[in-house]
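All remarks here apply to the structure that follows.
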Ligand SMILES: [Zn+2]
């Protein structure tokens, strides 16, 4: 898409056709932007760099307060290395983070994927098979502690859970689980002592991971719609992140509504960039660390070409084949091909943010739970307008960026107008109660005469709609029910009967081919 399509957003013949008014709006926008820039003058710098490359930020509560401002300030760092880590200030844990124990009781890890990894010498591909059953968290933890799903113990130590097979036979276990759901939480503590995961141990496990990657077939409870945050968390609440995707006017599962991920040793996410080249944020609620890899944006093209030469047939079938999240190469393989991989260990209580054009991959080091969502900035609108899409997955995410940009522009104008009107009234002596129109996320609810008029173009139509999984917004910001692009997505859910019935988007990896889906009974 040409650049001009994003900068020229006002449809012809709309209500802003008055030249003077348009000029006035533009002047005000300019002024506002300058004010904002002044306001943002204080830079935020990394506290240190993980493994010498990945920026790690330790913001103060003041810096942490505004998510959009924080991202704006660290954007240049992320746009170089692909990923960054953010360690929240201590006050945030103390005041903003309620205990998740109660919420976890209603979690159901429905149809986790069993990951089969094939290949050799640093080049692998991943096949996922859905397991046709669901797990409560205590059940899930028990599986992660089975000897098959534990890394080898450190020298001189006994492997954790090595005797777990003796506890119950799989058959018995299954029966027990379905019949006594209430008592299983009695002696269950979801928390995890991660102190054994020292940097040295993580490096040791990294060597073991790549040596034994094709063994064990880990399970991954991935892409499960839901959140462990509550409304008590005002800042950096992954499920309610202050960002421009809130103005899509509809819910796109996993894109602007959060997903949960329940991991175990070796559960893997293959190399990919986000749909629509969006940003993503990942919070590790509890458990063992997540190992991350990223490719610096300057190496993006070279990385792609290496992957393309390794999988020429896949590339022929889909130019965006890496968006299938199926292809895995080791850091050593990439180093041998002249590409440096940035490494990061993500611990519980920390955020990792991925940036546009920064390829990333990784795996979990043990039992854990993470929550993530995509997000976007105003700067991203230019990127999103040109994002390439995979067309071979029926439910691939697509966003009408032009429409989104138009909505944002209108929202700002409406907020400005209201502010102006109030000021005028106050100046003329009429004291009016200020309506709560001011621009927070989702506040495009002032459907007055300022609601942009339709100019006949379908993307500015009256009702929001979803066509083939494409989010077409409109001037009327009605929040639509989650999208159900295909049959598969109606199946899994996170919460139990006490929680909302939830949907899943395209799963972390390739489960779209129904011929690969089968029942695995361990
Ligand atoms: Zn594709």
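Cβ coordinates are placed from backbone N, Cα and C, and glycine is handled just like the others.
Looking at 1-52, 53-104, the range annotated in TrEMBL as region 'Disordered' turns out to be 1-52. Remote same-chain residues near the domain 'JmjN' (54-95) are listed as 40, 43-44, 46-48, 235-236, 241-243, 279, 292, 294-298, 342-344, 346, 349-360, 375, 377, 379 (criterion: CB distance under 8 Å, separation of at least six residues from the stretch ends).
Over the domain 'JmjC' (230-392), the average per-residue pLDDT in this prediction is 95.
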